[in-house]
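> Have a look at the structure that comes next, please.
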Amino acid sequence: MDTKLYIDGQWVNSSSGKTVDKYSPVTGQVIGRFEAATRDDVDRAIDAAEDAFWAWNDLGSVERSKIIYRAKELIEKNRAELENIIMEENGKPVKEAKEEVDGVIDQIQYYAEWARKLNGEVVEGTSSHRKIFQYKVPYGIVVALTPWNFPAGMVARKLAPALLTGNTVVLKPSSDTPGSAEWIVRKFVEAGVPKGVLNFITGRGSEIGDYIVEHKKVNLITMTGSTATGQRIMQKASANMAKLILELGGKAPFMVWKDADMDNALKTLLWAKYWNAGQSCIAAERLYVHEDIYDTFMSRFVELSRKLALGDPKNADMGPLINKGALQATSEIVEEAKESGAKILFGGSQPSLSGPYRNGYFFLPTIIGNADQKSKIFQEEIFAPVIGARKISSVEEMYDLANDSKYGLASYLFTKDPNIIFEASERIRFGELYVNMPGPEASQGYHTGFRMTGQAGEGSKYGISEYLKLKNIYVDYSGKPLHINTVRDDLFQ
């Protein structure tokens, strides 16, 4: 699974001639190589995006949407190829890979359908013959930095709205999953995206990451990743005042009240915790269950978790962690929880797998009880199939514990009580609250958060607006001589 760079309409090697090995998280073996782009490669990609901007902007949103829609059709027609790449480089089970490609197709179609809805306004001026035309224009050059946990979905979520709104793009995917991104770029190119409009760069973030985000020609940076990386980007990009769309860390509370439909809550919890092996910004990372049902709920949760199959992506219920570093970090945080007095209710270690999967980066579904609210299990984003659980006795306690986090992206609540539902909608300080259902809900939802989760957002009409700058044109069409208070009229007599 080797990938190339795509710069100014050409598939090329890195100017350094260097490549980096890519490992399978399922087997731990090398499965391909990606190009190690240099600063010169970054410059060429950004210059190409700059040169292509005006022609792409002038094409108009309707014509741009036709190209984007063709890309969607090509992806849909050849989707099995993308599913296999996701399984190979990310390790997702086939069910999750198919679900991700469903999302790719849906998102691209959703954004393409917005072509005729990018409207502005005409505002009355200070008199009847003065008007203010307010309309939206593209920012210009967009740098899109995509993560490994949804290697295709996040590419679609960023590329489609950025291109529809007339921006040109330099895309840099995670070094762990460059193949999915390259495949999607090839479909956009095949669909007719002109040269320079979309450029594709791969390489270590430590080598070109700072350079690309602090580049003086970059107008907007959209990134999904860790809070630490987002903070670094904010610092580096501030010198040029680039617009930022940052979707960062999460620590989702999963709240189960005593009247909850237990089957629905458990089914959703299995998804919210073990989807993508817990490597999701909206993954359930903290479990709060009412004391009246805690023992029954936890017993069933443990038994269900015990039944999950790991290993071959074609048959597994849950995949591996992305790399050795993630595996080590997960082991360390579980050991720290043990040492602090927490109780491992299930899991807590790597599974014993045979055959090609014995060297994969798998970790058992892990449930931890009796952990302190201020411990890492409840405060730090774990990004693994690990969850801490606590009893709650009142709604006030539930709200307080849920909000006790530096993050504020997703949250989950299971109850039949309408009063709690509507009160929680106000009290829970998170960008997303899923009530009696799993997330994420459709492309038309706005994906955003509070606190250290980032800024701006993606999805829906609000997400499209993030890629557009509001511009104002002030017009006086009276044809009469102007009177300006601070300029004497007699100067013109």
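Just so it is clear, glycine is given a Cβ too, placed from its N, Cα and C backbone atoms.
Note that this is a predicted model, so its numbers are computed, not measured.
Relevant sequence annotations retrieved from Swiss-Prot are reproduced here:
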type	residues	note
COILED	70-92	coiled coil
BINDING	146-149, Arg157, 172-176, 204-210, 225-248, Cys281, 381-383	NADP(+) binding site
BINDING	Asn149, Arg157, Cys281	substrate binding site
SITE	Asn149	site 'Transition state stabilizer'
ACT_SITE	Glu247	active site, proton acceptor
ACT_SITE	Cys281	active site, proton donor
> Should Ser206 (NADP(+) binding site) be counted as helix, strand, or coil on the basis of DSSP?
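Note: Ser206 (NADP(+) binding site) is helical by DSSP.
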> Tell me the Cβ neighbour count for Leu244 (NADP(+) binding site), meaning other Cβ atoms within 10 Å of its Cβ, over all protein chains shown.
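Taking all protein chains shown, Leu244 (NADP(+) binding site) has 19 Cβ neighbours within 10 Å.
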> For the recorded positions Glu247, Glu381, work out the Cβ neighbour count at 10 Å and name the residue with the minimum.
Glu381
> Near Cys281 (substrate binding site), how many other Cβ atoms are within 10 Å of its Cβ?
27
> Around the substrate site formed by Asn149, Arg157, Cys281, which additional residues qualify by having Cβ within 8 Å of the site's Cβ center?
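Going along the sequence, the neighbours come out as Pro147, Phe150, Gly153, Met154, Thr224, Glu247, Ser280.
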> I'm checking region-level scores; what's the whole-number mean pLDDT for the coiled coil (70-92)?
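On average, pLDDT over the coiled coil (70-92) sits at 97.
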> Would you find the one among the binding-site residues Thr146, Asn149, Ser206, Ser226, Ser238 whose Cβ has the most company, meaning other Cβ atoms within 10 Å?
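When each Cβ's neighbours within 10 Å are tallied, Thr146 tops the list.
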> If you count Cβ atoms within 10 Å of the Cβ of Arg232 (NADP(+) binding site), leaving out that atom itself, what do you get?
16
> Going by DSSP, is Cys281 (substrate binding site) sitting in a helix, a strand, or coil?
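The three-state answer is coil.
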